Structures are given as structure tokens and as C-alpha cells.
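Pulled from TrEMBL, these are the features on record:
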| type | residues | note |
| --- | --- | --- |
| REGION | 12-45 | region 'Disordered' |
| REGION | 226-291 | region 'VHIID' |
| REGION | 307-339 | region 'Leucine repeat II (LRII)' |
| REGION | 443-520 | region 'SAW' |
| MOTIF | 257-261 | motif 'VHIID' |
Amino acid sequence: MDTLFRLVNFQQQQHHQYQPDPSLNSTTTLTTSSSSRSSRQTTTTTNYHYYQHQEEDEECFNNFYYMDHNNTNDEDLSSSSSKQHYYNYPYDQPHHHHVSTTTITTSSPNTNFNTINTPTTTDINYSFSPTQDYFNFEFSSGSSWSQNILLETARAISDNNTNRIQQLMWMLNELSSPYGDTDQKLSAYFLQALFSRMNDAGDRTYKTLTFASEKTCSFDSTRKMLLKFQEVSPWTTFGHVASNGAILEALEGNPKLHIIDISNTYCTQWPTLLEALATRSDDTPHLRLTTVVTAVNGGSVQKVMKEIGARMEKFARLMGVPFKFKIIFSDLRELNLRELDIKEDEALAINCVNSLHSISGAGNHRDGLINFLRGLEPRVMTVVEEEADLEHCFGSDFVEGFGECLRWFRVYFEALEESFSRTSCERLMLEREAGRGIVDLVACDPFESVERRETASRWRRRLQCGGFSTASFSDEVCDDVRALLRRYREGWSMTPCSAADDGIFLSWKDKPVVWASVWRP
């Protein structure tokens with residue numbers, strides 16, 4: 001739906017008493033009377049063979065992730081958050097005042113999501129009539145319509161301009177859809193967050209969305225989402241290959257290994273590392289893997305992780321690797337040494353993938369965790385984080401932080417759009433997860449936020465102040481990463497940081513999106 005040209009037409013027509021334009025009938029009709037969101041672990045292409053659908057490429061990973069599971073039914077994604085929403089503002093309700101009404105007919109994208117029923121046409125009668133300055137703002141050159149309207153709404157909220165807020169939210173409510181194009185989706189999810197912020201309902205909205213996600217969370221749905229995401233996009237596999245390569249090189253030759261995994265990737269990183277250990281020329285080392293899971297709001301994540309743990313142990317036996325697996329469900333601020341069970345005869349590695357930002361940046365919690373990890377004296381620590389400045393920007397100015405948040409999620413949604421088919425259920429699950437993140441950032445208490453990412457330069461300063469020193473990825477690991485990226489569609493690239501030992505970036509169309517780095521105490 002080409003909503004941008006409609007808005008430009010509206011703006012051009014405001015000095016012509018809003019005469020209807022016949023060209024608008026294809027999507028929306030507006031009638032107005034009088035006024036009116038590997039590394040090294042065996043080389044290159046074999047490292048991630050288990051993400052492919054072909055039978056010969058699935059064999060090893062199926063032994064781990066598909067063991068005893070043959071259910072091929074699509075996950076029922078219907079939930080309270082899955083239905084197309086229209087927020088009912090006070091001015092949406094019919095009044096009996098003598099004002100002219102605006103009748104709007106909006107057509108939703110004709111999309112089939114299996115169990116999801118998307119309304120095709122919605123007729124809404126609004127007694128609220130846009131004033132003459134309703135469309136009175138400039139479109140920035142090169143910007144999308146959603147970006148312009150959302151930023152204007154954020155400014156109105158910052159200025160506490162109630163009339164302007166109502167006008168802009170009314171517009172967003174009409175143009176947004178979680179089933180449309182990228183602009184419509186961003187408008188839908190950010191509208192939800194802004195509306196929650198205006199009503200001081202951020203925490204309640206976030207809990208409701210999390211509960212809806214918990215209802216549909218299962219091992220099978222999680223498996224399908226992760227495998228599909230890793231098949232079509234290197235967003236997560238980039239960090240896996242880089243981190244595994246650095247860990248294997250740092251721990252080479254040690255008979256006993258202990259990896260503390262602090263990540264949100266459901267152990268999808270470790271099958272290839274187990275394969276690499278099984279094919280080492282020397283004796284196969286003993287591996288102990290301790291996974292720290294921070295998502296403890298509901299019971300479904302715990303059930304999924306326990307199922308994954310059982311399959312990890314079966315997979316290790318299949319590979320012939322002596323293996324012990326332990327799961328710790330804990331807030332990272334409450335992680336303690338006794339739970340980790342550090343042993344002196346084991347070579348220790350710490351793997352942090354998209355997890356450090358889950359601790360609130362307020363206070364010294366992040367620095368405190370880094371100091372704690374430094375005290376464990378690991379041989380190596382790998383850090384993978386998404387590249388966005390959401391902590392500093394939101395801390396200094398709401399509009400600035402909102403703009404950075406919008407920029408970051410636009411890149412993410414565009415990458416999903418070009419990687420997945422339009423009707424992909426896995427894509428919808430990832431977008432809903434991002435929608436919860438947007439509510440967290442825009443509408444929730446910053447002291448409890450688990451989404452405030454920082455840039456690579458800020459993480460470097462934190463880690464160096466915490467007693468870590470940078471190390472560089474070897475040429476062999478970088479070659480493995482490049483080989484991985486060649487398996488995906490054009491647009492993905494690996495970009496080294498300005499200094500060789502500052503890490504590497506995964507870039508999408510020359511925009512850095514994920515940063516991977518290696519650290520030693």
C-alpha cells in the first residue's frame with residue numbers, strides 16, 4: 001500500500017478544501033464534509049551444514065534438534081497480540097456534537113498466515129475531524145513516511161502537545177498494520193509503544209505481550225523459528241562462527257574444557273563446536289557447558305531449555321565427546337560463583353552473545369557483571385552484541401533516543417523482509433519479539449529495561465575498564481566468517497573495526513548490525 005503518496009497528496013490538497021482524489025480509491029477512500037510499528041571447527045561450508053533443508057545437510061543437526069520430533073504442523077500463532085489492532089482512543093468513539101464526520105475505509109494487505117485471520121476491510125466512523133494543520137509537516141528527503149510521522153509524534157509527546165499527539169496517533173492508527181510492508185509494521189509496533197507510554201502502561205503492555213508469547217512457546221516452534229532464521233540470515237550465525245573459532249583456538253590442547261554460555265540463542269551455537277572437538281587430531285577433550293538463561297518470566301522457556309539440554313547430551317554421545325551440561329536460570333545481576341562451579345583443572349572460556357545489554361545500564365550493573373566475569377580468570381571471553389546506541393541516546397533525550405530506536409529496528413525489519421517470504425510465520429514471530437523490545441525501550445522503566453544496546457566503542461571502554469584486553473580474530477576465523485556469508489543473499493558483509501584487535505562487524509548493506517570481539521584478562 002503506497003501510503004506515502006497518499007500523505008503527500010493530502011498535504012498538497014489541504015489548501016483545496018480536501019477534495020477527494022480518485023487515485024486514492026485503490027487502497028483508502030477519504031471523504032470530508034465542511035471541516036473535518038568456525039571457525040576452525042572443521043572448515044567453512046561444513047560448519048553450518050545443519051541449517052539447510054536438504055537431507056544430506058541436516059544429518060548431524062537433526063540428531064540433536066529433531067531427535068524424536070516429527071511434528072510438522074505449523075505453530076498456531078494466534079494470540080491476543082496476533083490480531084490486527086486499532087487502538088481505541090477517546091476521540092475514536094462517536095459523539096453527539098454537531099461536527100462533521102470523517103469516514104475512512106482501509107484495506108489491509110491480502111496476506112495468508114495459516115492460522116492468522118487478517119481482516120481485509122475495516123470501516124470505521126470517526127467523529128474526530130483533522131484540523132487544517134493536520135498534515136502540516138515537512139517530509140525529510142530520503143526518509144520514509146513512517147519515520148516522519150513517528151518522529152513527529154515523539155516530538156509532540158516530548159512537548160506535551162496533546163492536540164498534535166491525538167492527530168498524529170489517529171493518522172498512525174489508520175495507516176499501520178502488523179501484516180503490511182515495513183513502514184506499516186514499524187508504525188503498528190511503535191504506535192503500540194507510544195500509546196503505552198502516553199498511558200503509563202508500558203510495564204503492563206510488556207507483560208501482556210510476554211504472556212501471549214509464552215502461550216505459544218514450545219520446543220518445536222522455537223526450533224523452527226531458529227533454524228529458519230539461521231537458514232536465511234547470518235544475523236546469529238555470524239557470531240557463532242566467530243566465537244567458536246576464537247574459543248577453539250584459545251583452548252586448544254587442553255584436556256578439560258569449561259564454557260560458560262551467557263546467550264539467548266538456545267544452544268544453537270554448540271553442535272558445530274562438538275563436531276570440531278570430535279575431529280581433533282589429539283585426544284577428545286572433556287567439555288562442560290554451563291548455560292545461563294536470563295529469560296525466567298515464565299515456565300515455557302525453562303521447559304524448552306531442558307528439552308534442548310537432553311538433546312545436547314544425546315548429540316555429544318553421538319559425536320563421542322565426553323560432555324556435561326548444566327542450565328542456570330538467573331538474573332545476571334544475581335549470578336554467583338558457587339552456581340558456576342569453577343574448577344582449577346579446567347580451561348575456562350566465557351561466551352556472551354547478545355546478553356550483556358540485558359542488564360540495565362542504569363547504575364553500575366553492567367560494569368559490575370564485567371568485573372565479576374574478569375574475576376573468573378577465563379582463558380578467553382567472546383562478546384557479540386548488536387550495534388545500536390539505545391542506552392546513551394535514551395538517557396540523554398527522548399526524541400534522540402526514539403530516533404535511534406526507530407533507525408535500528410528499521411534496519412532489522414528490512415533485513416527480515418528481504419530474507420523471509422512475506423507469509424513466513426517465523427518472520428512474524430521475530431517481528432513480534434521485536435515489538436516487545438520496542439515497548440520495553442519506548443514505554444517501560446529504563447531501570448528495568450533489557451533492550452538498551454550500546455555501540456562497540458562503548459562496550460570496548462567498559463571491558464577495558466573492567467580489566468580485559470582486546471585480542472584479534474585469526475585470519476583462519478575471518479576466512480570462515482567470509483565463507484559463511486557467501487552462503488547468504490547479497491548485502492551481507494564482514495567489516496573489520498578500525499583497529500585490527502577491536503573486533504569485526506556484520507554489515508547489512510554497509511550498515512553495521514552485529515559486533516563480534518575477543519577478550520583476554
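Glycine is no exception: its Cβ is also placed from the backbone N, Cα and C atoms.
Counting same-chain residues at least six beyond the ends of the motif 'VHIID' (257-261), those with a Cβ under 8 angstroms from any Cβ of the stretch are 247, 251, 267, 269-270, 285-292, 340, 342-343, 346-351, 353, 376, 378. Across the region 'VHIID' (226-291), the model assigns an average pLDDT of 93.
Distant neighbours of the region 'Leucine repeat II (LRII)' (307-339): 60, 63-65, 67, 219, 262, 266-267, 270-271, 274-275, 277-278, 284-294, 296, 355, 358-359, 365, 368-369, 372, 376; these residues of the same chain sit at least 6 beyond its ends, with a Cβ under 8 Å from one of its Cβ atoms.
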